[in-house]
Amino acid sequence: MSVISFSRRTSRRWLPLWPLLLFFIVAAFGLLWLWHAWPQVMMKSVIWQRDVNQQMSGLLKAVAENPTQAGGALLLFSFVYGVLHALGPGHGKVVITTWLATHPSKLKSSIGLTLAASLLQGLVAIGLVVVVLTLLQLPARQLHLSSFWLEKGSYALVGVLGLLLCWRALKKLRALLRKPKFTAFTPHHVHDQHCGCGHQHMLDPKQLERDEDWRARLVIVLSMGMRPCSGAIMVLLFSKVIGVFGWGVASALAMAAGTSITISSLALLVHAFRTLAVKLSGNRTPVLWRQVGWTTLALAGGVVLVAAAVVMWVSAVPVGRGLRPF
């Protein structure tokens, strides 16, 4: 009888977790489909990118002839391009989803990460064109080569972020799994919530978040925003050639705004799933088990980032040397 009741309690404990199980099954099937359809996806994306570049060039020429009539269309098209372009595969989505899925984060700070990274990506593209073509007056080939090395640098930062998460997770796991040692002592003062000793008895959650995560958040923003958008580079280069560089800058910023919308929507989705997982787990499992489980998940996220960084670093090639898988 006790065995039957124990099995029932166990099944009831895991029953509320069915939405997470469904999510992981759908995600697994989606990744499997993407793995098989990847060559076709890349070919379609190349064709789509070529058509978009032609339309963007036509809008820039129209702006050069009549900026008051074609300027609004250029900015709107750039914004939509940023929204759709961010839907494709990219290391920024891998970074932000891994971080939000494996670490507790407030919704406001999550959106702040995506906005900062998207803005930085647009500013990096603008600054790169200004420095290479205007200040140094180098050819366009050096512009693409500089963009390539910035891309490699962003992949290296992804690896650094993964190693940082792994190190922190391993350190926390070691502290959680260490056997406690008890020593007898005689307290000189008993602290309670009404005592006036002037001590801070517990750290505020905001202090914990600020003290522990600011380095990781900085690396996240840099790794996502350090790689300039190829579409923004193209627009800035062509706008400088035809003499409407100001409109090219505005177009690049509109692309960054569109990218931020898509990445922020993804961040909202991941944040909602994590919040659902925390609510479903509730108090049904021991505190130690929950802490070990989330820390192990953070360790797995760090391993995923390190593996992704290695793959992207090896597969990244300069422009004109084939298709890139990311």
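Just so it is clear, glycine is given a Cβ too, placed from its N, Cα and C backbone atoms.
Annotation comment: TrEMBL describes 20-38 (among others) as transmembrane segment.
For 70-90 (among others), the entry in TrEMBL reads transmembrane segment.
Feature annotation from TrEMBL assigns transmembrane segment to 111-133 (among others).
Taken from TrEMBL, the feature transmembrane segment covers 153-170 (among others).
Among residues of the same chain six or more beyond the transmembrane segment (218-238), those with a C-beta under 8 A of the stretch's C-beta atoms are 49, 52-53, 56-57, 60, 78, 81-82, 85, 91-92, 95-96, 99, 113, 116-126, 128-129, 133, 140, 143-144, 147, 150-151, 153-155, 157-158, 160-161, 164, 245, 248-249, 251-252, 255-256, 259. For 218-238 (among others), the entry in TrEMBL reads transmembrane segment.
Within its own chain, the transmembrane segment (244-273) has Cβ neighbours under 8 Å at 20, 23, 56, 60, 63-64, 67, 71, 74-76, 78-87, 92-93, 96-97, 100-101, 105, 107, 110-111, 113-115, 117-119, 121-123, 125-126, 229, 231-232, 235-236, 238, counting only residues six or more beyond its boundaries. According to TrEMBL, the feature transmembrane segment maps to 244-273 (among others).
Residues annotated as transmembrane segment in TrEMBL: 294-316 (among others).
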